[in-house]
Amino acid sequence: MQEYQEKRSGLGLLGYIWNEWISTFIILILLLMTLIIGTGEMIHGQLLRIGERLYGDPATGMQYSFLRAEPEKPTCDRHPNIDAQVKEQMKANASDDFASFFGAASESDVRASLLAAQQQCEEKYQAYDKTIKYIEANPGVRTYRAIETGFFGIFKFGTENRAILLVFMVLISAITASLKYHHIGLRNPATKIDYKVYSLFMLIGNALLSFSVISQYRSVINSGVTPTYETVTIYWIWMILFVVLTLISLYQLFVSPPPKREGGNIGLALLSVPLYAYMALITGIVFTFFMDYPMGQGIYLGLLVEFSGIFLNLALFIWAGMLLTQTRVMDLFLNVLRPWNLAPETLTWLILIAAAVPTAYTGASGIFVIAAGAIIYKEVWNAGARRQYALAVSAMSGSLGVVVRPCLLVVLIAMLDSRHVTSDELFGHGIYVFWLTAFIFLGVSLLLAEEKFRVNSPKVALPGMARAF
């Protein structure tokens, strides 16, 4: 109750609104934009095809492409005075001192040219009148056109600003993770000293990153080459991000949350420091003090922007994995295996093989462990396995699929070293690594197992398996 009241007052209320509503909504919009970027070309093609089927008229030659924009009324004179224009043109030719060099046009040539221009003007008016009449006869075309062109505008904006969307997504996610102490580490902070060491390392790491990106921005501005709008925007987002993270860490250093338990020591506190803070601290010290090159961290951040398409797709895969946590897919799959009453080792092997597919399709992000790890742990433990074995299986359930097509991690590695290896080569060898690892794991598990094999007879298992299907 006290925690609830803290969330609803002062900074607690502000943090609650940001964490639970604002950041969630913004990330959802950015993920939907990423989805539109990835599928927009196909969807827009279908919208154009549907528009042609709904509003195209082959009998009159009217195509939906003519209706995608409101037709503009021609500005030419539909009924000109040809004789007066001929006389005016001939008079202008007579006063032209250079006409003799190129040959003066005859009156018949001028008249023919003006008549051709009048004919073109008449065709424009006829096309305009025809289009307006068709739109008025089919008023739904304006609504459909607004939907189709609006979708295309969103797709075009997202495609042209892909890198900005990625960096902005990192901005929102990093701020939210910092406010909620959700950065990845070996253990969660629990004691007062844990929170102090956590915040101190985050403060130094974020300060070094802030100094790095500011130094790089000043170098780009003073280079004499005018940077693009996208480049300037990305640098400003980086600077805002790391300065804000530095201020958050400074605040958390002096105002830490209530400890979950008393005690603690420096050794355990160092395990609570996020991996991100260690990486920022080590690289910042090396680049700034040993190499005298403070821009180094900022330059390596450019790799994130350079491969923005890959990382945006990875965000989509993580989202898909999080949605997977809300389903019963893994439980339904295990319902198919339960009637066989398999030994823990055999059951584990089948689970690892099956888990490789969603692991690969979620980009080896580890989200599958979050989605299905608890179910796998419970199932293997109930089958008679040791607790440590069940925990190991839960952790491994998201690892074998790393080398299986179409895992984005392999694609990213191939892109970073495209001169020496291709993704096809890595995936081709990866399938052998997958099966070799799987069979070695099965062999060692059976070798150390107390009960080598256990399986129900098909007469008992098949009816239960059929019911599960």
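Cβ atoms are placed via backbone N, Cα and C, with glycine included.
Annotation source TrEMBL lists transmembrane segment at 21-43 (among others).
Sequence annotations record features per position, and here TrEMBL assigns transmembrane segment to 163-183 (among others).
Annotation comment: TrEMBL describes 195-214 (among others) as transmembrane segment. With a threshold of 8 Å between CB atoms, the same-chain residues lying at least 6 positions outside the transmembrane segment (195-214) that come near it are 178, 181, 183, 185, 189, 235, 238-239, 242-243, 245-246, 249-250, 252-253, 256-257, 259, 266, 269-270, 272-274, 276-281, 283-285, 287-288, 294-298, 301.
Sequence-distant contacts of the transmembrane segment (235-254) (same chain, six or more residues past either end, CB-CB distance under 8 Å): 164, 167-168, 170-171, 174-175, 178-179, 195-196, 198-200, 202-203, 206-207, 209-210, 213-214, 216-217, 220, 227, 298, 301. Taken from TrEMBL, the feature transmembrane segment applies to 235-254 (among others).
Here TrEMBL flags 266-291 (among others) as transmembrane segment.
If you look up TrEMBL, you'll see 303-327 (among others) marked as transmembrane segment.
Residues annotated as transmembrane segment in TrEMBL: 347-377 (among others).
Long-range Cβ contacts of the transmembrane segment (389-414) within its own chain (Cβ-Cβ under 8 Å, at least 6 residues beyond either end) map to 307, 310, 313-314, 317, 344, 348, 351-353, 355-361, 363-364, 366-369, 372-374, 376-378, 380-381, 421-423, 425-427, 430-431, 433-434, 437-438, 441. As annotated by TrEMBL, transmembrane segment applies to 389-414 (among others).
Residues 343-346, 348-349, 352-353, 356, 396, 400-401, 403-406, 410, 413-414 of the same chain, all 6+ positions outside the transmembrane segment (426-449), place their C-beta atoms under 8 angstroms from a C-beta of that stretch. TrEMBL lists 426-449 (among others) with the feature transmembrane segment.
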Mind checking which residues of the chain, 6+ beyond the ends of the transmembrane segment (21-43), have their Cβ under 8 Å from one of its Cβ atoms?
151-152, 154-155, 158-159, 162, 165, 168-169, 172-173, 175-176, 312-313, 315-316, 319
